[in-house]
Amino acid sequence: MAEGCMMALRYGMVFFNLLFWLGGCGILGVGVWLSVTQGNFATLSSSLPSLSAANLLIAVGTIIMVIGCLGCVGAVKESRPLLLTFFILLLLIFFLEILSIMLFFIYQDEIDHYAQRDLKKGLQLFGTEGNVGLTNAWMIVQTDFRCCGVNNHTDWFEVYNASRVPDSCCLEYSDNCGLDNPGTWWTAPCYERVKDWLNENLVALWIFALCTALTQILGLVFSMTMFCQAVKVETFYA
């Protein structure tokens, strides 16, 4: 009976970590694809220029692949050190995620003000040499969300030192349309537009977060149960 339970645990752990590892491969692949095909698309932040979607996906995908590989090999070989390492790493990530969520809600106003200030600072780098990624990012955001500037279109006046905006702010895009009458520009603030989009998709985001948490909890339960069973078997035969 014990041997049958151990076998079921092993297969469950291998299957779980195989899915985990394949998910990491997929995320890493998307990150590499974005990096290669959209290399000029970086970040809106001037303080964190490396914080691009591609780099985040590559980092997350690599971490998931490593952890999934540890769990899979540990389950196949019934290796206590690998199972324990998998458990500790997964538990650490789980606690860091909870801590990050708690800190976000506690310091939400401070984060809000910092983000707006940093985004406004990034506007000053728009169109400058060596900041093609930031420039493209702002053009895409303003076009897709039909907005202009961080808080309003006048944010760009300080950048150009004139009453003009980038062409991506125009209701109908054309070369140098940002020099036309303000009535032909988007006036909605991009910061609020993005926040509204996140709020509209809040249910989907929470479902994703809960599924991720459930997956991690299952991984923790599987790995610790298998670790304890391995200890019992080893003690029995000792």
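Each Cβ is built from the backbone N, Cα and C atoms, and glycine gets one as well.
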Identify which of Cys148, Cys177 is listed by TrEMBL as the disulfide partner of Cys169.
Cys148
Can you name the far-off residues of the same chain, 6+ from the ends of the transmembrane segment (56-76), with a Cβ under 8 Å from a Cβ of it?
9-10, 13-14, 16-18, 20-32, 34-35, 82-83, 85-86, 89-90, 93, 219, 223, 226
Taking the Cβ of Cys169 (disulfide bond) as the reference point, list residues of the same chain whose Cβ is under 8 angstroms away and which are at least six residues distant in sequence.
Gln142, Cys147, Cys148, Gly149, His153, Trp156, Gly178, Trp185, Trp186
Within 10 Å of the Cβ of Cys148 (disulfide bond), how many other Cβ atoms can you find? Include all protein chains, please.
27
